[in-house]
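What Swiss-Prot says about this one:
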COMPBIAS  7-20  compositional bias 'Polar residues'
REGION    1-20  region 'Disordered'
TRANSIT   1-78  transit peptide
TRANSMEM  109-129  transmembrane segment
TRANSMEM  161-181  transmembrane segment
TRANSMEM  195-215  transmembrane segment
TRANSMEM  231-251  transmembrane segment
TRANSMEM  281-301  transmembrane segment
TRANSMEM  309-329  transmembrane segment
TRANSMEM  352-372  transmembrane segment
Amino acid sequence: MDRLLQPPSSHSIAPSKFQSRPSPLLLHRLHSTNLSTFPSSRRLESRRISSISCFFRQNPSPDTSPGLNQSSNFLIASSQTDASKPNPGFIQRIVSSFEQRKTISAGMVILVSAIAALLLNPILVPPAFASFQTATNSGGAAVVGGKLLRTEVLTSAWTGFFAGCLHTLSGPDHLAALAPLSIGRTRMESAAVGALWGCGHDAGQLIFGLLFLLLKDRLHIEVIRTWGTRVVGLTLLVIGAMGIKEASEMPEPCVVTLENGETDEKSLKKKKIGFATFATGIVHGLQPDALMMVLPALALPSRIAGASFLIMFLIGTVIAMGSYTVFIGSCSEALKEKVPRITEKLTWASSLVAIGLGLAIIVSQFFGFSLY
């Protein structure tokens, strides 16, 4: 009767019951409550609830009341529902741990790659750098060589052109020989006379240059110079005489019935004058001063530069002579309209200059000096 009047909480529990071996269910719940994902307060509550529930399950007594069993069942159900709820902190920790592992693995890969690069650098880099440097040096040398060659060719060409112009215009025999032939002519005729004379001069220089290269030691320069100077003097005398003859001739009246015949006669006369001009240019070119064209071309470092100098020297001679004769012909044509008989006077003057220069050249040979 006394046991029925005492409350259930006052019942004493034998110590032997606490020393009994725990069941597997108790171990499982204790392990689940020890996880780090639960907060500290909730962890303590779950431990208490699970211990109480396990205690009542392992130690059922006939003295326990139905209310106590119901309360324990309610506590067990609430603990199960709390454990089944998802925890967002747990997911975040999983993600953060995965990212940390990923970062560590990427760092390891970078570290291994750096070590491999350091180990392979002395083996692979020097041969590659040497091949690259060789290719760069060879390409740079080719580019620099091409630029130097182009510069050398252009410089030689312009030098030859100006040398030909100066050589032609600075020779008194050239000017004296072409003046009588170009006075009283139109611009086109004067240009043709100058170009023919320039081509003949170039041909004579080429002939002399080839003879010099072929014969060399056998070629006596002094003998050729002496006789060449005399021939030039004689040609000047002939040109002067022809100019005086042309100036002294009176113009004949033109007849209509004989117009075709006169035209044919004039064209034949022009052909003869053209051939004479070309031949005069050859004679003036067959002089030792042709070495002024040959020797610089031979002294240049490359054959291309020498060829460019030679070609431009010849072109400069033709252009200079054509320009000179066009200038003289244009001046005579312009003065013809204002001053009557100016053509005859200019022809007389230029012919006398040519004759005087020819005589001076020939006579100077006998006195031991040369004007040419």
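Note that Cβ sites are derived from N, Cα and C of the backbone, with glycine treated the same way.
Each of 161-181, 195-215, 231-251, 281-301, 352-372 was scored by its Cβ pairs under 8 Å to the transmembrane segment (309-329), and the highest score goes to 161-181.
Long-range Cβ contacts of the transmembrane segment (352-372) within its own chain (Cβ-Cβ under 8 Å, at least 6 residues beyond either end) map to 172-173, 176-177, 179-180, 225-226, 229-230, 232-237, 239-241, 243-244, 287. Among residues of the same chain six or more beyond the transmembrane segment (281-301), those with a C-beta under 8 A of the stretch's C-beta atoms are 152, 156, 159-160, 163-164, 167, 171, 173-174, 177, 196-209, 212-213, 221, 224-225, 228-229, 231-232, 235, 307, 309-310, 313-314, 372.
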